[in-house]
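Per Swiss-Prot, disulfide bond is recorded for Cys52-Cys277, Cys64-Cys76, Cys97-Cys139, Cys281-Cys305. Under the heading N-linked glycosylation site, Swiss-Prot lists Asn8, Asn22, Asn38, Asn81, Asn165, Asn285, citing sequence analysis as support.
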Amino acid sequence: QDLPGNDNSTATLCLGHHAVPNGTLVKTITNDQIEVTNATELVQSSSTGKICNNPHRILDGIDCTLIDALLGDPHCDGFQNETWDLFVERSKAFSNCYPYDVPDYASLRSLVASSGTLEFITEGFTWTEVTQNGGSNACKRGPGSGFFSRLNWLTKSGSTYPVLNVTMPNNDNFDKLYIWGVHHPSTNQEQTSLYVQASGRVTVSTRRSQQTIIPNIGSRPWVRGQSSRISIYWTIVKPGDVLVINSNGNLIAPRGYFKMRTGKSSIMRSDAPIDTCISECITPNGSIPNDKPFQNVNKITYGACPKYVKQNTLKLATGMRNVPEKQT
């Protein structure tokens, strides 16, 4: 359309829409391949390859699992009373103390991880007429035999092992986590040489719960020179409740309690390096930006993260349909 000017000249006004030589293909409800002039990617599909240590407090487990740090494996002593937002377990982590099992390992691991602390308070349990602080060459602490620092292995004193009955009230206003265990000797001879009785028993109770464990005597596969095992259990004592421990043998006693906290702490298995940087969202692959609404890096996340989707790409059309001019 020609428009007259004040000086009798004319100007040309072109009516149409913007087009670009190379548009972006997007999916719509009715068509898988629509070309538009511009589109924004909504899916974060890559990580930085490293875990940022800010703003979250990251605790690198190095060669210790969270449970080994909890029990006090000698090579994990550096984790005593530590705190974290996210505990990172490494594939190279290993146990280096008396061989043990935890019947409900995942639940204990999750419970401690969410608490975000290994804060430990020693208590004055009274164990009479038994020998305390048992150790083993399977658990070296320095040059000599040792044991888990948070547990107390009780054995006979002389030729006696009396029935033990100990109570410990919770007079504080927070939950207390007690870790204890039961020793399973490999032979009947080992059983009587340590505990006198041919069959031991351990009962741990509160007003809300009771657990009774009978040791299973028998040889297991050799681990660090031992064919015996220890089973690890735990009890939570609420404020105003009381812990009661009754045993006539095979007791691996607590030395105190872990102070339980409520929060959003967690645990993650990852071999990504930890670096000085800032990122709100962490995955096992590394930290990722959270400036997109979706991500397909990993289902497992910690922090303020985009929602996980299976799609590699989702685009939001921010321009019109692209119809480039055809030259003939």
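Just so it is clear, glycine is given a Cβ too, placed from its N, Cα and C backbone atoms.
Recorded residues Cys139 (disulfide bond) and Cys76 (disulfide bond) have their alpha carbons 12 Å apart, per Cα-Cα distance.
Over all protein chains present, the Cβ of Cys281 (disulfide bond) has 22 other Cβ atoms lying within 10 Å.
In the three-state DSSP classification, Asn81 (N-linked glycosylation site) falls within coil. According to its DSSP assignment, Cys76 (disulfide bond) is helical. Nearest neighbour of Asn81 (N-linked glycosylation site) by Cα distance, taken over the recorded positions Cys64, Cys97, Asn165, Cys277, Cys305: Cys64. Distance noted between the C-alpha atoms of Asn285 (N-linked glycosylation site) and Cys277 (disulfide bond) is 15 Å. Measuring Cα to Cα from Cys97 (disulfide bond), none of the recorded positions Cys64, Asn165, Cys277, Cys281 fall within 10 Å.
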